[in-house]
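Undergrad: Quick one: the structure is below, questions incoming.
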Amino acid sequence: MIRVEDASIGTVWVTCLLAVGLYFIRSRLLSDQFAGFPSVNSRKPWEVLNVFAHRRFQQNGPEYLKAGFAKSPVFGVVTDLGPKLVVSGAFIEDFKDEKLLDHYRAMVEDFMAEVPGFESMFLGNLHNTVLRDVISVITRELDQFTLPLSDEVSTALGDTWSDSPDWTEVTLLPSMLGLIARVSSLIFVGEPLCRDPAWLETVVNFTIVRHQAILALHMCPAVLRPVLHWFLPPCQKLRREIKTARSLINSALEELRKNPPTDRFSSLAWVDAFASGKKYDATMVQLRLANASIHSSADLLAKVLINLCEQPGLIQDLRDEVISVLEENGWRASTLNQLKLLDSVLKESQRLHPITTGTFSRFTRQNIKLTNGTEIPTGTPVMVTNDVAGDAAIYPDPEVFDGYRYLRMREGADKARAPFTTTGQNHLGFGYGKYACPGRFFAATEIKIALCHMLLKYEWRLVKDSPHDMLTSGFASFRDPRARIEVRRRAPDPQEVVLTIK
């Protein structure tokens, strides 16, 4: 193997030029792969690399998707994750046979899963088994987690939002990230690490830095990425975050092995026992859990709170529902399933403002023929989008936030599709099929618990003139991270005193 320090300048230059040439040829072949399909945001004739098209899509993704769908339900586009054949979610059923699709290759291409520092997506068969099984255990044991999660939410909100009866200003998204990171970590790593500021900062930063590093690598020719990732600042920063996490996890594991827990579940302890001495990377397992859960849940929670600020009348209806259901049933996972209006508000927020419109990324293993007759060739990078969420034929007034939308659906023929955690062809917020988000039941539980505490114990309102518009980056959409709200502890009504909420 030729090391950079041993190679002559000429050798390095020739290697780089060959790599760029191969990248150019590969890019042209990918462009030809979309021949016969309408396209938007194609590389300009004078653009040798895709970097400019990547940046355009990152800055104006929704506009390019709108322009593409105006041409056809299937079209080619250079995205910030590379060239994709975008397909309307109306055809999601045509992709239900996973044997025809390559999920792993899509993860490798989209998220650089085989680059050092990005391995949290895939770590071999043991790690995939561990992650699948630990999520199954968490889902199965949600009832036993409900009270501990409620206690942690109560304490964390007191720290984050304070218990002052006076209006206190907070920046919304950071406060939600801190809350969700702490509550999730109670189940993921247990006490006391779940409250360690260094751990909480690391798991929040990891996803942000990882996303920045992925986008940076997508700007580079694919053949140069195995070298360039060692030098790109976002990639170097990502490895520093992993190093910090590894130190914290190793210390926690050492303590766990000395004093095994007997009365409280944590995935860190469970996974260590499950591995039964087999070699595995506990740090990357935990970072994968954090990457999949913290930002998506915090994002949805922030969007819900702003939606409620804009429709304050809905808050009292939600508050009344929480009081009624908790008085009758107490804190149990099954109780949360009875909060049907709250469930509707969550699903409507996700429908109107999904964290990403690109919900289903695959490579085709074989030619796939859509129900409209369109044939997609083997080896095509496909992105099925959640555009059906804005289809007026499915959702009347789709651009309007209607917190009661899915509550009404429970009374009709489509009632089975109404629950927040239910996936289907008309709602792809949690993905679809075999690889639909397995952690959605835990996410729904912790978000509902957090909102119960907020509704019964706090009032909140937007700070006047605070920016809170929806912003986009590529396929992603999010509320302005500068959005600020004012919160204060509310005096409960007499009938609320009986509730077992701290």
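The backbone N, Cα and C atoms fix where each Cβ goes, glycine too.
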Undergrad: Labelled transmembrane segment by Swiss-Prot, one stretch among 5-25, 215-235. Can you tell me which?
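TA: Checked against Swiss-Prot: transmembrane segment maps to 5-25.
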Undergrad: Nearest by CA distance to Asn291 (N-linked glycosylation site): which of the recorded positions is it, out of Asn205, Asn372, Cys437?
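TA: Smallest Cα separation from Asn291 (N-linked glycosylation site) among Asn205, Asn372, Cys437: Asn205.
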Undergrad: Please report the Cα separation of Cys437 (heme binding site) and Asn205 (N-linked glycosylation site) in Å, rounded to an integer.
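TA: So the alpha carbons of Cys437 (heme binding site) and Asn205 (N-linked glycosylation site) sit roughly 22 Å from each other.
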Undergrad: With every protein chain in view, what's the tally of Cβ atoms within 10 Å of the Cβ of Asn372 (N-linked glycosylation site), excluding that atom itself?
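TA: Result for Asn372 (N-linked glycosylation site): 12 neighbouring Cβ atoms inside 10 Å.
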Undergrad: Measuring Cα to Cα, how far is Asn372 (N-linked glycosylation site) from Asn205 (N-linked glycosylation site) in Å?
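TA: Here the two Cα atoms lie 44 Å apart.
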